[in-house]
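Student: Sharing a structure below in structure tokens format, with a few things to ask.
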Amino acid sequence: MLDVSNFERMRIGLASPEQIRAWSSGEVKKPETINYRTLKPERDGLFCERIFGPTKDWECHCGKYKRVRYKGIVCDRCGVEVTRAKVRRERMGHIELAAPVSHIWYFKGIPSRMGLILDMSPRSLEKVLYFVAYVVIDPGDTPLVKKQLLTEAEYREYRDKYGNAFRAAMGAEAIKELLQEIDLDQLAAELRQELKESSGQRKIRALRRLEVVEAFRSSGNRPEWMIMDVIPVIPPELRPMVQLDGGRFATSDLNDLYRRVINRNNRLKRLLDLGAPDIIVRNEKRMLQEAVDALIDNGRRGRPVTGPGNRPLKSLSDMLKGKQGRFRQNLLGKRVDYSGRSVIVVGPELKMHQCGLPKEMALELFKPFVMKRLVDKGLAHNIKSAKRMVERVKNEVWDVLEEVISEHPVLLNRAPTLHRLGIQAFEPVLVEGRAIQIHPLVCTAYNADFDGDQMAVHVPLSAEAQAEARLLMMAAHHILNPKDGRPVVSPTQDMVLGAYYLTTVSKGARGEGKAFSSYDEAYMAYLNKVIDMHAMIKVRQEDGQLLETTIGRLIFNREIPIPKELGYYNCEVDKKKLTEIIARCYQLLGTEATATLLDGIKKVGFHYSTLAGFTIGIDDIVVPGDKKEIIAETESAVEKIDQQYRKGLISEEERYQKVISLWNNATDTLTKKLMAGMDKFNPVFMMANSGARGNVQQIRQLAGMRGLMADPSGRIIDLPIKANFREGLTVLEYFISTHGARKGLADTALRTADSGYLTRRLVDVAQDVIVREDDCGTTAGIEVREIQEGNQVIEKMEERLAGRYALEDVRHPETGELLVAANTMIDDDAARAIVQAGIKTVKIRSVLTCKTRYGVCRKCYGRDLATGREVEIGEAVGIIAAQSIGEPGTQLTMRTFHTGGVAGDDITQGLSRVEELFEARKPKGQAIIAETTGTITAITEVRGRREIEITDDSGEKFSYQVPYGSRLKVAEGDHVEAGDELTGGSVNPHDLLKVKGVRGVQLYLLREVQRVYRLQGVDINDKHIEVMIRQMLRKVKVEDQGDTDLLPGSLVDAFDFEDANRKVQEIGGKPATARPVLLGITKASLATDSFLSAASFQETTRVLTEAAIKGRVDPLLGLKENVIIGKLIPAGTGMSRYRQLKLVTPAVDQEEDGAEAVDMATGK
């Protein structure tokens, strides 16, 4: 067999009949499978041992030769080779067909490749192939035309008239003869000539034919190979037959399909030998063609062949397609050994890098390691007795298990794994019970809670795998979230509450104003109840300074302990503050210190939230006294508006808007009163204020009023819910509430599926983007400024600058001082300095302009958000980007919000908008954009429709019709730039590409995607979105081929296009011209260089058909292709630069059985 790790690229093509015969180990002549009495395979049948190899290791069919010593002998009685049974997984057979048949992929696929190369319509092809009509092969000297179709009657008539002067035939033989006659070079020349001369439909047709002809020419495939004389039979182990309990057999559908082909083929052979009448033979040939079609792609033409219970049989194509197909089920995701799963519970005493593993689980997972250690320590004589000891769970086993698992990390995974933090490594600690314990702080990353969630454990076996788990995947290293570079392990709930309670100040508490000589003295006073935890006191520091603080804050700083470098935190510490402390600690002191700090916060937080003894009761929900007045005032104002409406002074729409804004104001006023009137130590208030649980909106609903609700369509009902949950709702109010709740649940269910599919498409389009070099040397970049929506800042300038490389020197506009030199990274301080200097735009290096082929360079990507340092070569930034965009997808709201009113403002939001942008679809409610830079000279109204006229600088006029009901964004006399929106709505990115070019559309997409996420309160770094947009703009469409070999109208990779032009220009030829195209992510994934990646994504058969005809070569550059063929992925430590390294492990002297133990331990 082929050595998997030893080839560079993979090629797909059409197989010639000779090649199929060369693969085969023998011809399958009979449809029998196994003998029903002996249950042994029948000779020459579909499971024949002579063809495919023995069913038992080292044993022939008749039993003359048994045992290894006869290896390689072919038995003289039964003809079976004595070898391993696993050759039945790789040896193929073949069926010699009595008549050629066409391959359904090439005749029925869209476009029909056979039809294009013969210049026949698929319909007429079908007539010939399925014996409905004759096709003229050689007209001789008759008035017939080559490839003309004749019905039965016409054929007879011409036969009578001209005798044998012409040749016509039907079926695949006829098509095969026509295909054999094609001279590809001559045909290509003719088509190129026709391209130059024709136009319109004919030109398009010629182009499509030329594409297929060129594919055949360049790949070395012959057109007649689309017709098959021989059919390969796949190895029997890949279409197994197994005996069930009841003595019946279950078999793969393929065996049924093959059996039909063999039966019909044998019948056809017999009929031909007998010299049966033409019509019978023809019918049999047609049935053979249909049987082969069903085998290759059942259901593609006509009704599918069904098995028992009317279920369509699974053909070879179905084996590859879809989620259950070979690609997605077995090649991209495999089941693994050395794994287990169990319910999770919290382990508050664990360190950041630990997890609790149940004893029985650990023993089973580490069994081989334990067995080897038992032998090494002399507690067992050989592996067999060690195995017995483990199975009987002897006492010594537990001590050995402790030794084995120390320093051996395990991986914990929680489904759904939405981003890379869904799998992390921990050091196991043995625990009693049967539940896995996990550290409370990693719950955020896993999105785990303890209401019955389960997690899976995996054991990395090899030394390399353990090293990677320890150095790259340890939970203590994953402090920052790759999507925005903020800490992902900040404390939540109880811990936040504890820290907040500890650092709050209470006015006039016991012992306020007292002074102490040291921390210890103050702490003793606190323990003896002389001072209250929240009282402001003065304490002398070690440096002699008097510090005014509370004992709680001293404890917070001392007990955690907060590192000296971060200073003393003398303030209320809520969730935001805690996150900030962690982020600063990580920046200044690195991973180890942060992990220690986190464990400290966890301990102190839990301890003091317990001491605080929080409870909430109905009395803690205080309804403000002036609620009645606020509501009464609003009601009377609403009544006035209703009167105005009834008098006809205002329209229904105005009334609706006014009522809604009145009630919203009332709710806001009430909320402000409510929050102001709450006691600072009210438990409900403390929970919300500290960020532990709940928020102002929820308190408002408990103690203020529920406010306005939306109906099922999303329109706000202008009748508010005036009650709150403390007072209780009336029946009507309750009914109105249910709309929103139901919609929320339905939305969530739909959103999860949509978001998962979006992530899958994003991963697919960006999976081959890896950091491949240090600097691509580009001189281009993008200009960044802050993103605004109306008067609200969506993304601040410094967020966009931090961690990127400056393209040119950035100087202070007034002093001229150099803030950042060109090609150096802008760190957080520099970004702040730039913003403070009042600089509004900065040019930075960006992924969008990176010149690296098949990836990006370190300088264009900038900082790796998960580590806060410059990105490493080999980082799979494409997949990280896809996960960062996809993971928050579930949080985005689904539907279009019809916020009452403003016509034309109905633009899609939330997840659907993100999808619309990444798929580059034409948006609903499209905005009109200016094609040129100029001034608006007139806005006129023609028959109820408005028209905008723009005059550009040269005096040329452009006019645009505004559809009825659209909102204008411009007025007469305004100056507009090319690409500016003239009306409200979303811009069609394809139009923008034409008007503003690549850079314009890139920045537009980036801004729009950011807008959706930011307005939902999700922060994603620009660079992740940039990676995706770059993938969408990789291709160009050739317009004029010049002297290159490129075909006009074809999509080519931008880098390939430049290469082709460079080659032509070097020899002084005319370069080709092309225009950039914007592809949606699905299209871009299918247009990738790798056919393996595209085929495993969607439309498997279409991708493979095209790839085979073109003889595509997969360079195996992406991650997916390499996973599919089982190689190491070319990222991280799998990059070629690390491949040459050999891992040396110090050898231990072992006896015979010791060596065997090593083999078992590595799972070989």
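FYI, residue positions are counted from 1 along the chain as it appears here.
Glycine too: its Cβ is placed from the backbone N, Cα and C atoms.
Not my notes, these are from Swiss-Prot:
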- CYS60, CYS62, CYS75, CYS78: Zn(2+) 1 binding site (BINDING)
- ASP449, ASP451, ASP453: Mg(2+) binding site (BINDING)
- CYS776, CYS850, CYS857, CYS860: Zn(2+) 2 binding site (BINDING)
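Looking at the shown structure, what environment does each listed feature sit in?
Tutor: Annotation note: CYS78 (Zn(2+) 1 binding site) sits in a coil segment as assigned by DSSP. The Cβ of CYS78 (Zn(2+) 1 binding site) has ARG43, GLU49, ARG50, CYS60, HIS61, CYS62, LYS64 as same-chain neighbours under 8 Å, each 6 or more residues away in sequence.
Cβ environment of ASP451 (Mg(2+) binding site): no same-chain residue six or more positions apart lies under 8 Å away.
Less than 8 angstroms from the CB of CYS860 (Zn(2+) 2 binding site) sit CYS776, THR778, TYR805, ARG845, SER846, VAL847, THR849, CYS850, THR852, each of them six or more residues away in the same chain.
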Student: Please classify the secondary structure at CYS60 (Zn(2+) 1 binding site) using three-state DSSP.
Tutor: coil
Student: Calculate the distance in Å between the alpha carbons (Cα) of CYS857 (Zn(2+) 2 binding site) and ASP453 (Mg(2+) binding site), and round it to a whole number.
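Tutor: On Cα coordinates alone, these residues lie 40 Å apart.
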Student: Roughly how many Å separate the Cα of ASP449 (Mg(2+) binding site) from that of CYS75 (Zn(2+) 1 binding site), to the nearest whole number?
Tutor: 64
Student: C-alpha of CYS75 (Zn(2+) 1 binding site) to C-alpha of ASP453 (Mg(2+) binding site): distance in Å?
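Tutor: With distance taken Cα to Cα, ASP453 (Mg(2+) binding site) is 58 Å from CYS75 (Zn(2+) 1 binding site).
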Student: Name, in the order they occur in the sequence, the residues of the same chain whose CB lies under 8 A from the CB of ASP453 (Mg(2+) binding site) and which sit 6 or more residues away.
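Tutor: Those within reach of ASP453 (Mg(2+) binding site), by Cβ under 8 Å and sequence separation of 6 or more, are VAL343, ILE344, ARG414.
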Student: Return one of helix, strand or coil for CYS860 (Zn(2+) 2 binding site), based on DSSP.
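Tutor: Looking at the DSSP assignment, CYS860 (Zn(2+) 2 binding site) belongs to a helix.
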Student: Around the Zn(2+) 2 site formed by CYS776, CYS850, CYS857, CYS860, which additional residues qualify by having Cβ within 8 Å of the site's Cβ center?
Tutor: GLU773, ASP775, THR778, ARG845, VAL847, THR849, LYS851, THR852, VAL856, ARG858, LYS859, TYR861
Student: An 8 Å radius from the center of the ASP449, ASP451, ASP453 Cβ atoms defines the neighbourhood of the Mg(2+) site; name the other residues of that chain inside it, in order.
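Tutor: Near the Mg(2+) site, beyond ASP449, ASP451, ASP453, sit ILE344, ALA448, PHE450, GLY452.
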Student: Would you list the other residues of this chain near Zn(2+) 1 - those whose C-beta lies within 8 angstroms of the C-beta centroid of CYS60, CYS62, CYS75, CYS78 - in sequence order?
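Tutor: Filtered neighbour residues, in order: HIS61, GLY63, LYS64, TYR65, ASP76, ARG77, GLY79, VAL80.
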Student: Using DSSP, would you call ASP449 (Mg(2+) binding site) helix, strand or coil?
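Tutor: For ASP449 (Mg(2+) binding site) - judged by DSSP and reduced to three states - the answer is coil.
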